[in-house]
Every structure is written in structure tokens, then in C-alpha cells.
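Below is one structure; the comments refer to it alone.
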Amino acid sequence: MAFAGILKDAEVAAALEACKSAGSFDHTKFFKSCGLAGKSSDDVKKAFGIIDQDQSDFIEEEELKLFLQNFSASARALSDAETKAFLKAGDSDGDGKIGVDEFAAMVKA
């Protein structure tokens with residue numbers, strides 16, 4: 001698991017189960033239920049690095065669409081509406097992507 005040493009498998013599994021239906025993803029609930037919201041800044045930055053698949057120092061819309069698959073390869077892709085809502089929630093400077101500080105603020109919100 002990509003998040004071994006950061007998150008507990010059981011918490012990740014429960015978080016994924018809670019949003020397995022299309023349209024049910026809520027980033028705030030997910031970050032809390034998987035345990036990321038309670039982690040240190042360093043752990044949140046490590047998580048950002050895993051989600052930032054192309055290592056551009058930003059999480060772009062396509063990476064957000066596949067967000068859940070970072071936690072489990074069998075997880076679903078987010079719908080376009082979920083992806084856009086997730087991006088809007090995290091993109092505080094309006095540049096169309098989420099930087100590490102924006103991600104940390106969203107996780108801790």
C-alpha cells in the first residue's frame with residue numbers, strides 16, 4: 001500500500017467503502033475517516049507526494065479524478081462533478097491545480 005507507515009489499512013478500507021457509490025465522495029469526510037486529517041504536516045506532505053503522480057509539485061484535475069486509486073488500485077475514479085468540486089474546494093488561488101499548502105489546508109479543514 002502506498003500509504004503504509006502513514007495511514008492504517010483498516011481506516012483506509014473504511015473510508016473507501018464509505019464513498020464507493022458514484023457521487024458519494026466528500027473530501028472532508030474521507031480525510032477524517034482515513035486518518036489523514038489527524039496526521040502531522042510531514043505525513044500530509046508525504047501523502048501529497050504520493051497523490052502528485054507526475055511529481056509536478058501540484059495535483060492537477062486528472063490526478064484528482066484518480067485520487068481514490070492512490071489508496072487502492074481497485075477503487076473507482078471520481079465522477080467529473082466530484083473531481084470539479086474537489087478541485088474547487090482545494091484550489092484557493094484559482095490556478096486550476098492544488099499545491100502542497102492548499103492540499104494541507106484542505107486536509108486539516
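Quick reminder: no glycine exception, Cβ is built from N, Cα and C everywhere.
Among the features that Swiss-Prot reports, Ca(2+) 1 binding site is placed at D52, D54, S56, F58, E60, E63. What Swiss-Prot lists as Ca(2+) 2 binding site is D91, D93, D95, K97, E102. The annotation domain 'EF-hand 1' is assigned in Swiss-Prot to 39-74 on the grounds of sequence analysis. As annotated by Swiss-Prot, domain 'EF-hand 2' applies to 78-109. Per Swiss-Prot, the feature N-acetylalanine maps to A2; the stated evidence is similarity to another entry.
Checking each of the binding-site residues E60, E63, D95 against the residue listed as 'N-acetylalanine' by C-alpha distance, the shortest gap belongs to E63. For E102 (Ca(2+) 2 binding site), the number of other Cβ atoms no farther than 10 Å from its own Cβ, over all displayed protein chains, is 19. When the binding-site residues D91, D95, K97 are ranked by how far their Cα is from the Cα of D52 (Ca(2+) 1 binding site), K97 comes first.
Beyond its flanks by at least six residues, the domain 'EF-hand 2' (78-109) meets 22-23, 25, 27-28, 31, 36-37, 39, 41, 44-45, 47-48, 51, 57-61, 64-68 of its own chain at Cβ-Cβ distances under 8 Å.
Under 8 Å from some Cβ of the domain 'EF-hand 1' (39-74) lie the Cβ atoms of residues 1-3, 6-7, 12-13, 15-16, 19, 25, 80, 83-84, 86-87, 90, 96-100, 103-104, 107-108, all in the same chain and six or more residues away from its ends. Within the model, the domain 'EF-hand 2' (78-109) shows a mean pLDDT value of 98, rounded to a whole number. Cα-Cα distance from E102 (Ca(2+) 2 binding site) to F58 (Ca(2+) 1 binding site): 10 Å (rounded to the nearest whole number). Comparing local CB density within 10 A for the binding-site residues D52, D54, E60, D93, D95, the maximum falls on D52. Across the fold, the C-alpha of D95 (Ca(2+) 2 binding site) and the C-alpha of E60 (Ca(2+) 1 binding site) stand 10 Å from each other.
Taking D91, D93, K97 as the binding-site residues under consideration, the smallest Cα distance to S56 (Ca(2+) 1 binding site) is found for K97.
Checking each of the binding-site residues D91, D93, K97 against E60 (Ca(2+) 1 binding site) by C-alpha distance, the shortest gap belongs to K97.
Excluding the listed site residues D91, D93, D95, K97, E102, the same chain places F58, G90, S92, G94, G96, I98, G99 with Cβ atoms within 8 Å of the centre of the Ca(2+) 2 site Cβ atoms.
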